[in-house]
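All remarks here apply to the structure that follows.
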Amino acid sequence: MKLIVGLGNPGREYELTRHNIGFMAIDELAKRWNISLNEQKFKGMFGAGFVNGEKVILLKPLTYMNLSGESIRPLMDYYKIDLEDFIIMYDDLDLPVGKLRLRMKGSAGGHNGVKSTIAHLGTQEFQRIRMGIDRPKNGMKVVDYVLGRFTAEEMVDVNHAIEKAANACEEWLNKSFLQVMNDFNN
């Protein structure tokens, strides 16, 4: 069984914001794999299905970003999901819009949703797909930037990145994460 989590904030006012690119990637996987995110439990919206013979759970924590670990840990405990069967997808200010970086482990890098996940799991040793949103320009505050929407021009790159992240997740069902990293970190 595999768990794929996308980080974001709940509520219509946060839809399509930079901070919600993880939710957008989960929505793409749900559509692609015909998985309904219709279960509300573990402080999140989730759904499960079979993809290439592998049971997959997709989760969007509904705790707000800074408390994401409160949703992820109980679900992992309930379904007895090992760290190697878990991927988290989230926005990254240090990557250009549309770029992905897959990592096997690492610090939170200033991301509060990842910080919460590390705190609740008790380790940094989990796989992740960092999705670039770039840094704010013209002195804009980071909080205003990440809670702002992508421009129409950026959405072209964002949609490509979401598709690429979904492809990486799909490949991960049949390959090791290290192999997927080698294929997608180029």
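Yeah, the Cβs are placed from backbone N, Cα and C, and that goes for glycine too.
Sequence annotations record features per position, and here Swiss-Prot assigns active site, proton acceptor to H19 based on sequence analysis. Taking all protein chains in view, 22 other C-beta atoms sit within 10 angstroms of the C-beta of H19 (active site, proton acceptor).
Annotation source Swiss-Prot lists tRNA binding site at Y14, Y64, N66, N112, citing sequence analysis. N112 (tRNA binding site) falls within a helical segment according to DSSP. Cβ contacts within 10 Å of N112 (tRNA binding site), excluding its own Cβ and spanning all protein chains shown: 15.
Residues or ranges marked as site 'Discriminates between blocked and unblocked aminoacyl-tRNA' in Swiss-Prot: N9. In three-state terms derived from DSSP, N9 (site 'Discriminates between blocked and unblocked aminoacyl-tRNA') belongs to neither a helical nor a strand segment and is classed as coil. N9 (site 'Discriminates between blocked and unblocked aminoacyl-tRNA'): 23 other CB atoms within 10 A of its CB, across all protein chains.
Taken from Swiss-Prot, the feature site 'Stabilizes the basic form of H active site to accept a proton' applies to D91, supported by sequence analysis. Within the same chain, the residues at least 6 positions away from D91 (site 'Stabilizes the basic form of H active site to accept a proton') whose Cβ sits under 8 Å from its Cβ are L7, R18, H19, N20, I21, G22, H111, R130, M131, G132, I133, V146, listed in sequence order.
For the binding-site residues listed here (Y14, N66), the lowest count of other CB atoms within 10 A around the CB belongs to N66. Of all Cβ atoms in the shown protein chains, 17 besides its own fall within 10 Å of the Cβ of Y64 (tRNA binding site). Across the structure, N66 (tRNA binding site) and N9 (site 'Discriminates between blocked and unblocked aminoacyl-tRNA') are spaced 9 Å apart at their Cα atoms.
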